[in-house]
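The CoA binding site feature in TrEMBL is assigned to Arg194, Arg195, Gly196, Asn197, Thr313, Asn337, Ser527. For Gly389, Glu390, Pro391, Asp413, Thr414, Trp415, Trp416, Gln417, Thr418, Asp504, Arg519, the entry in TrEMBL reads ATP binding site. Under the heading Mg(2+) binding site, TrEMBL lists Val541, His543, Val546. The domain 'Acetyl-coenzyme A synthetase N-terminal' annotation in TrEMBL covers 32-84. What TrEMBL lists as domain 'AMP-dependent synthetase/ligase' is 91-479. Summarising the annotation, TrEMBL assigns domain 'AMP-binding enzyme C-terminal' to 535-615. Per TrEMBL, the feature N6-acetyllysine maps to Lys615.
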Amino acid sequence: MTEPSALDNLLTESRSFPPSEEFAAQANATAALQQEADADREAFWAKQAERLSWATKWDQVLDWSGAPFAKWFVGGKLNVAYNCVDRHVESGHGDQVAIHWVGEPGDTRTITYADLKREVSKTANALLSLGLEAGDRVAIYMPMVPEAIFSMLACARLGLVHSVVFGGFSAEALRSRIEDAAAKLVITTDGQYRRGNPVSLKAAVDEAVEKTPTIGNVLVVRRTGGQVDWVDGRDLWWHDVVDAQSENHTPEAFDAEHPLFILYTSGTTGRPKGILHTSGGYLTQASYTHYNVFDLKPDTDVYWCTADIGWVTGHSYIVYGPLSNRATQIVYEGTPNTPHEGRHWEVIQQYKVSIYYTAPTLIRTFMKWGEDIPARYDLSSLRVLGSVGEPINPEAWIWYREHIGAGKTPVVDTWWQTETGAIMVAPLPGVTVAKPGSAMGPLPGIGAKVVDDTGKEVGKGGGGYLVLDKPWPSMLRGVWGDEQRYRETYWARFADQGYYFAGDGAKYDEDGAIWLLGRVDDVMLVSGHNISTTEVESALVSHNRVAEAAVVGATDPTTGQGIVAFVILRGIKEDEDGTALVKELREHVAKEIGPIAKPRQVMVVAELPKTRSGKIMRRLLRDVAENRQIGDVTTLADSTVMDLISSGLNSGKGED
Ligand code: 6R9
């Protein structure tokens, strides 16, 4: 018997989309970029770093002698906020809009680069007046209001390390993150809008800081005007402290390796890890990738990334990447269906958005809502579409290009992680012949490959593990306060080869393009075959009745594990014969990718459990499929979802 492969390759995709000649002719990135990177990788990254403004130039591009702790642009000094704000004003672009802010209730703010400089300077002066010093940690627990961005940039300007905690997280999640980083200040708002209603945020801060003695002050932006409890001496209104400050602040240059931020990522199990990023290398790669992958033209584009700043995508592709490139962008406070399901398309039409970057979960939701909704709006300004967060199923990719991109925009599927800091694997929109569902290949300057259990690269058509085989500028510089965890989590699996292990399964297709196949923790072992969740889910989503699908492996007496699928249907019909449809879906998967992947059970559900950034939490579905007590749900976006799923299943509905 041959050894089972690390991951089976089941799905084949023959459609491909080259860039139009017109797009290719005007693209920022051409094929030369790859040649330059291949010729001399360090010289290539030095050239990318030169796109930024440095107070002192580096004397060494990369020092990897302390691996797995990298130092990039050794000896160089810069100010990250100066690079994102002041230099654009100095080059004569003070009147250019940096942020078109759109609030959920419909209020708007227009913030130019000159405005941004004033606001960030005032905020920096306010933080100084509170006694904060370079290296101190600041927790930012806020909805998508402009002050959240001013706060991040003010921290960067002063060398303070920000730790943004998603505004939907609980008081306990905030408390543990404040404690781990020993933060001195929390910046928050009185409340936030959620699906049209104001809800409190400050109350969670009050609860969290009761048990975190390192916190000296709580700085509160008034957003909803709701009732707040107040602790005199500790709590301060933003408008009292910031508004009175001077608009002038001279930025100081910090070492390229000065810490910029900590961002906590929970992964699938265990205590959240504080992922640490530093300044020069991080900004270099965030800026480079934003410019080349989205083809940003700062004078004409209107860019929109729909992420929350509590997610790494918000850090790198709302704050640092776009602002370093002098982008004009939309920042939207609300949910995509408030006040109606066409909200995003309305914003795109109104502001003539040309680059739109979102997550597969939202694309599948738009598919479920129906293509007639985007069809009512003028989306002709769009010229690049992006995707991030999960594998994008080929059908969702096609739908996105067809119904949002008028069948002609490039779609860039971007693979990266909190840990990688910036995009690693993605097509270049003017160069790559893209395949729907594939992130294609490592960007110029990046080393990524798919290897087997022994660390050997698999051949074309082979599946295995995605690894990063060369250090990259925006790589994490460790896990805050836990060196051992950093080494064990990322560097132990392929220690002999010195590879970073990302935790994702992947494969090469026959042309060598990379396909991401989901987290390796989720891989299903069925009759000796390692089957990825992604391929079975993509097969299900390719059926015209399936809007979303999540599959998990559940213990099976004959096959080891059996595939259990949870599906959300498109267009539910009353009095439909569920049994017939379930049978059809099982057959459909068998036909698309083979009988080995045929689900043992298909359960029709109304919702799937997801994290706040939209990733499906298969761990919880596994608990359901195996009739176990449901595990930790603190990072679940909607805590009622699991009850709904369990009760639906216990009544036996939708089972095969
Ligand atoms: C940016 C971000 C990282 C994990 C990553 C992978 C999944 C992200 C993906 C993708 C397939 C893509 N992921 N982008 N999988 N294709 N284009 O999402 O960071 O929240 O840390 O998650 O997300 O599993 O390992 P983070």
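Even glycines carry a Cβ here, placed using N, Cα and C.
This view paints the features noted in TrEMBL onto the structure.
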{"residue": "Arg194", "record": "CoA binding site", "Cβ within 10 Å": "16"}
{"residue": "Gly196", "record": "CoA binding site", "Cβ within 10 Å": "12"}
{"residue": "Asn197", "record": "CoA binding site", "Cβ within 10 Å": "12"}
{"residue": "Thr313", "record": "CoA binding site", "Cβ within 10 Å": "25"}
{"residue": "Gly389", "record": "ATP binding site", "Cβ within 10 Å": "20"}
{"residue": "Pro391", "record": "ATP binding site", "Cβ within 10 Å": "27"}
{"residue": "Thr414", "record": "ATP binding site", "Cβ within 10 Å": "24"}
{"residue": "Trp416", "record": "ATP binding site", "Cβ within 10 Å": "25"}
{"residue": "Arg519", "record": "ATP binding site", "Cβ within 10 Å": "20"}
{"residue": "Lys615", "record": "N6-acetyllysine", "Cβ within 10 Å": "18"}
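Apart from Val541, His543, Val546, the residues listed for Mg(2+), the same chain places the Cβ atoms of Glu395, Ala539, Leu540, Ser542, Asn544, Arg545, Ala547, Ala549, Val567, Leu585, His588 within 8 Å of the centroid of those Cβ atoms.
When the C-alpha distances from Asn197 (CoA binding site) to the binding-site residues Gly389, Pro391, Arg519, Val541, Val546 are tabulated, the minimum falls on Gly389. Ligand 1 lies under 6 Å from the Cβ of the following binding-site residues, listed in sequence order from Arg194, Arg195, Thr313, Ser527: Thr313. Taken through DSSP, the domain 'Acetyl-coenzyme A synthetase N-terminal' (32-84) splits into 22 helix, 11 strand, 20 coil. In the three-state DSSP reading, Thr313 (CoA binding site) counts as helix. The subset of binding-site residues (Arg194, Arg195, Gly196, Asn337, His543) lying with their Cα within 10 Å of the Cα of Lys615 (N6-acetyllysine) is empty, i.e. none. In the predicted model, the domain 'Acetyl-coenzyme A synthetase N-terminal' (32-84) shows an average pLDDT of 98. Shown for the domain 'AMP-binding enzyme C-terminal' (535-615): DSSP residue counts in helix, strand and coil, namely 26 helix, 27 strand, 28 coil. When secondary structure is read from DSSP and collapsed to three states, Asn197 (CoA binding site) falls in the strand class. According to DSSP, Gly389 (ATP binding site) sits in a coil region rather than a helix or strand. Cα spacing between Val541 (Mg(2+) binding site) and Pro391 (ATP binding site): 12 Å, rounded to the nearest whole number.
Across the annotated binding residues for ATP (Gly389, Glu390, Pro391, Asp413, Thr414, Trp415, Trp416, Gln417, Thr418, Asp504, Arg519), the two most widely spaced Cα atoms sit 17 Å apart. With the fewest other C-beta atoms within 10 Å around its C-beta, Arg195 stands out among the binding-site residues Arg195, His543. For Val546 (Mg(2+) binding site), the same-chain residues lying six or more positions away in sequence with a CB closer than 8 A to its CB are Leu540, Val567, Ile568, Leu569, Arg570, Leu585. Thr414 (ATP binding site) carries neither a helix nor a strand DSSP state and counts as coil.
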